[in-house]
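S.K.: Take this structure first; my questions come after.
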Amino acid sequence: MAPVLPVVLPLQPRIRLAQGIWLLSWLLALVGGLTLLCSGHLLVQLGHLGTFLSPSCSFPALPQTALAAGAVALGTGLGGAGASRASLDAAQYPPWRGVLTPLLAVGTAAGGGLLTLALGLALALPVSLHRGLEEGLEAALAHYKDTEVPGHCQAKRLMDELQLRYHCCGRHGYKDWFGVQWVSNRYLDPNDQDVVDRIQSNVEGLYLIDGVPFSCCNPHSPRPCLQSQLSDPYAHPLFDPRQPNLNLWAQGCHEVLLGHLQGLSGTLRSVLAVTLLLQVLVLLGLRYLQTALEGLGGIIDAEGETQGYLFPGGLKDTLKTAWLQGGLAHKPAPEEAPPDEEPAQEALAEA
């Protein structure tokens, strides 16, 4: 059977191949570490912002998969650097001969599979962020007032911190607060006729006002924060409701968080693409170096040419041979007749 993709490797090309693999392996280890940092950073960000993502959003699977892929890439890079360096010394290479095959198997199956999966998630999952943030922020606004409801006691604090930190207001803008009751019933005066009228005028019995929480206010505004009666053009002199950015944050939190998380996932996607490319190059180089050295008994500076290849035979033939060998290994051996039975059978025939 002819080997798959054979390459003739004389002495000098073998040495240059080992040196090139050593350099690429260190680059792979470096980029693998960078993948760990990027995915870890995105995972930490999701830990802070997970409250504003719907439970059904699968975006957190991206940094988790990328974290595992980065760890495998880092290990492959370090292992490839050690094996390629040892291959240049006939005294150091023998211990690595038994390590290369498991390294190639793990690097291909685990590393290549995880990197491909993570890159696919990085391309597909950011689209699901839109809906995940829509549902998560809608729930966050609805539970803003539930400061004494178990499970939602921190909703107000988290939403205020989000708006202050990311300079945003509401889901898509400050008017989103007009459609939800964000003032707790505990602080409403049931004897106030205005409160009673507002609650009775709403079909859901909610207290709705044209105001926003304090965290929507821009501290850089030269005038005091305007939080109430924002839709009344006569309530605040010299305030133009058509230009709320002069006093309130202009952007909604959905737009800000979507851009922030998509930016992080875009950076991670680029790092994953480079990591996958280096992983493929290092594994291919290690395989050619391994098969070339096996033809020389593990001595890289041996005289003469040798051949490096991916598989010793065609892929179909290799799988067929492995299948047949596995079948023969489980097939019971034919029973042999005891040697003393043959003379007895001959005696009976003569009689």
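Here the Cβ of each residue, glycine as well, is placed from N, Cα and C on the backbone.
The annotation transmembrane segment is assigned in TrEMBL to 20-44, 65-83, 103-125. The region 'Disordered' annotation in TrEMBL covers 329-351.
How about a rundown of where these features are and what they're close to?
M.R.: Panel annotation: around the transmembrane segment (20-44), residues 60, 62-64, 66-67, 69-81, 83-85, 261, 264-265, 267-268, 271-272, 274-275, 278-279, 281-282, 285-286, 289 of the same chain, lying at least six beyond its termini, place a Cβ under 8 Å from a Cβ of the stretch.
Taking Cβ pairs closer than 8 Å, the transmembrane segment (65-83) reaches residues 21-22, 24-36, 38-40, 42-43, 96, 99-100, 103, 106-107, 110-111, 114-115, 117-118, 121-122, 268, 272, 275, 278-279, 282-283, 285-286, 289 in its own chain, all 6 or more past its ends.
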